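Annotated features, as they stand in TrEMBL:
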- 18-39: transmembrane segment (TRANSMEM)
- 45-63: transmembrane segment (TRANSMEM)
- 84-109: transmembrane segment (TRANSMEM)
- 129-150: transmembrane segment (TRANSMEM)
- 133-218: domain 'CAAX prenyl protease 2/Lysostaphin resistance protein A-like' (DOMAIN)
- 162-182: transmembrane segment (TRANSMEM)
- 228-249: transmembrane segment (TRANSMEM)
- 270-290: transmembrane segment (TRANSMEM)
Amino acid sequence: MNSSIQFGTDVKKLNRMLLLYIFLETLVMLIIEPVLMALKFGEDLIFFLAPAITTCFVTYYLVKRYQKKFELTIPLKISDDFKFIQYLKFVVMALGAAWLTSLVIGFIMNSLSGIVIFETPDFSTKDNFIVNICLIIYAVIVAPISEELIFRGLILGKLKQYGDVFASIIVSLLFALIHGNLPQSIPTFIVSLFLCWVTLQSNSIIPAISIHMINNAVAQLGDINNEVFQLVINILIVIIIIIAVVLIVKEFRNRSEFKLQYRVKDYFKNVSGIVILILSILMIIGSIKIV
């Protein structure tokens, strides 16, 4: 089959899968939430438990279905050539880039707080121990594993034949859009580029899963009400950001010009791709409130 025709076929399949992912997440949540309410679970507990159950179910179904449909196996075994020092470098670059971007976005949001409010999901800890355990399980374990299986496992696995750079940009764009709000989407896009990069370098999604978990875990540490602890964490974050900037600049100085075999807009030139863009834009607009 002609490569351009194969490309068109593959992106249609991927976009349909992503739409199915969105549909199933919504449908299963609509089923799970009333069941948990009927069982007298508290509102805060349902807020984290329902998506955790939903995500596990939907991810299992999609991975099982689309590994066979896409004729690929999600790589778990790390390449022997990928050394631990390389992993540490990716940890620093990914987290540093994400945190720096978040700081910039946070500054912009604060500057615009009198004009607009950018709503984001509330993943702050609560007063209930069980609720907080469910929050940690969902945010630090379930979500990273699920998202890496879908985005770095299935989507990157299918797209990498069309170029590593192109595949990484598309996966990161989709990953950002699916979050549905600007404060999360922009840092998410940045960190996703590094998660794709480490996946391609290690030939495994395990490093990406672990970095994703670390990133989400550090975000939860911000809720610990201890001034000394927060000071130590903030100092570590600043140090990691500085080292990350140095590593990233050094890394990209040594690389030749990036070339894309396909344009980003080529990925969305199909009905499913257009629907994904429309849904994402509507979610982002819906998350913006005028003061």
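We number each residue from 1, going along the chain as drawn.
Keep in mind that glycine also has a Cβ here, set from the backbone N, Cα and C atoms.
Predicted automatically and left uncurated, TrEMBL annotations should be read as such.
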Discussion item. For the domain 'CAAX prenyl protease 2/Lysostaphin resistance protein A-like' (133-218), report the average pLDDT of the model, please.
Written reply: 95
Item to complete: Could you pull out which residues elsewhere in the chain have a CB under 8 Å from any CB of the transmembrane segment (129-150), counting only those six or more residues past its ends?
Response: 21, 42, 44-45, 48-49, 51-52, 55-56, 58-59, 62-63, 74, 123, 175, 195, 205, 208-209, 212-213, 216-217, 219-220
Item to complete: Decide whether the stretches the transmembrane segment (270-290) and the transmembrane segment (18-39) have at least 3 CB pairs under 8 angstroms, with pairs required to be 6 or more apart in sequence.
Response: yes
Discussion item. With helix taken as DSSP H, G or I, strand as E or B and everything else coil, how many residues of the domain 'CAAX prenyl protease 2/Lysostaphin resistance protein A-like' (133-218) land in each class?
Written reply: 78 helix, 0 strand, 8 coil
Discussion item. Cβ pairs under 8 Å only, please: of the recorded stretches 45-63, 84-109, 228-249, which one is richest in them relative to the transmembrane segment (18-39)?
Written reply: 45-63
Item to complete: Verify whether three or more Cβ pairs under 8 angstroms connect the transmembrane segment (45-63) with the transmembrane segment (84-109), leaving out any pair fewer than 6 apart in sequence.
Response: no
